[in-house]
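Chemist: Take this structure first; my questions come after.
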Amino acid sequence: MMTKVLGMAPVLGPRPPQEQVGPLMVKVEEKEEKGKYLPSLEMFRQRFRQFGYHDTPGPREALSQLRVLCCEWLRPEIHTKEQILELLVLEQFLTILPQELQAWVQEHCPESAEEAVTLLEDLERELDEPGHQVSTPPNEQKPVWEKISSSGTAKESPSSMQPQPLETSHNYESWGPLYIQESGEEQEFAQDPRKVRDCRLSTQHEESADEQKGSEAEGLKEDIISVIIANKPEASLERQCVNLENEKGTKPPLQEAGSKKGRESVPTKPTPGERRYICAECGKAFSNSSNLTKHRRTHTGEKPYVCTKCGKAFSHSSNLTLHYRTHLVDRPYDCKCGKAFGQSSDLLKHQRMHTEEAPYQCKDCGKAFSGKGSLIRHYRIHTGEKPYQCNECGKSFSQHAGLSSHQRLHTGEKPYKCKECGKAFNHSSNFNKHHRIHTGEKPYWCHHCGKTFCSKSNLSKHQRVHTGEGEAP
């Protein structure tokens, strides 16, 4: 189980004595304070994982409550199976990481296991480079080892888990660019010399405690780097130590908070949506490193996702998921439209498309529709009305979508591009058919012989063998 909450709550100071009216009031305030900053998804996950049998009167109630908590966390009504699987894999992946890396990755709030892996790979590359510096999330520019030290180990007492005010320590000066991003309050101190003087006076009584924290932070820094090096057999431990020594000797110390030069050395906080990661091949920019890593595969041709059944490789995990369905041959639940499913629940969900209430009925053929607009568009088939005309060649269409698709023949526009091979298409249906070549997906299933097809037209041709209308292709 993950020992930390994804994301960091804002740093809070100690409560004034006058707020602590009574034990009950203190308890309520702490609950509200925690609930305010916990991400909802992580809060539901913790409720599910920390639920105890003693909280319910009996086994049936316990099972029922667990189901409710699980649904609140995984949200099956809005998440797909792949998204739910990714949440579970991400949780387990963070659990098996070494403690030092686990805390660091959680601070970056990865949304998927793939993004967590990309963060670790980026960290390895940064540690391999001379004069490296560990990147931190935009909202909290704090040293990695300082974060781990402040956010705690598994055996901390409850009192130590309370948020503490940020302390300025001279121990961070020796780390060069790995410094703390100034918050709004600290920037006010930097602009007002009187506040800087008051701040220094208030921290002089805690110098011994700061020195102890600094030594602990140094030890944790060495721990997280040693974990990375230990998992890289090609890296030399001696070479890494030399790099660390050179770094300590050459990096300029952090200037005082009150000096103008010190304020200029602090990196500016990235603006939301800023695209700082640029592809060296084509110049395309991305807002995070994981998207850049995925994009690079279009240039390198790398396909890290391999099917364990047939060995076929893919550049994206989503394509592997689609392909893997082709090996799940057992699809006993089929629909009249030709699609087949491995579970009856999936078939029922699909059949709702056919059994939806359709109050608008065509007088000519009896076909029903759920919306009036759909009936009007359908009725043009019988009347032959084609109100949408192409200005280039004069060809007319019964639907606006047909005109838009046709006009791309004149403009040459092909907005639907395949990520695997780069081929582009002017219509989404053509793109979907082409994409099945890469994934191997064959969703159309013959209920007579079990043969599968990638398109409905191929299934219709094949079924003529069983009906006696013609030969199979």
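For all residues, glycine too, the Cβ spot is worked out from N, Cα and C.
Computed from a predicted structure; not experimentally measured.
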Chemist: Of the ranges 2-24, 25-47, 232-254, 416-438, which one does Swiss-Prot list as zinc finger?
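Modeler: Swiss-Prot lists zinc finger for residues 416-438.
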Chemist: Identify the zinc finger range according to Swiss-Prot, selecting from 113-134, 179-200, 333-354.
Modeler: 333-354
Chemist: Take a look at 277-299, 305-327, 333-354, 360-382, 388-410 and tell me which one has the most Cβ pairs under 8 Å to the zinc finger (444-466).
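Modeler: Against the zinc finger (444-466), the leading stretch is 333-354.
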Chemist: Mind checking which residues reach the zinc finger (305-327)? Cβ under 8 Å, same chain, six or more beyond either end.
Modeler: 82, 114, 294, 297-298, 419-420, 438-442, 452
Chemist: Below 8 angstroms Cβ to Cβ, which residues of this chain, lying six or more residues outside the zinc finger (360-382), approach it?
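Modeler: That would be 398-399.
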Chemist: What residues elsewhere in the chain lie close to the zinc finger (333-354), defined as a C-beta under 8 angstroms and at least 6 residues from its ends?
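Modeler: Sequence-remote neighbours of the zinc finger (333-354) are 443-447, 452, 456, 459-460.
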Chemist: Across the zinc finger (388-410), what does the pLDDT come to on average, as a whole number?
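Modeler: Averaged over the zinc finger (388-410), per-residue pLDDT gives 86.
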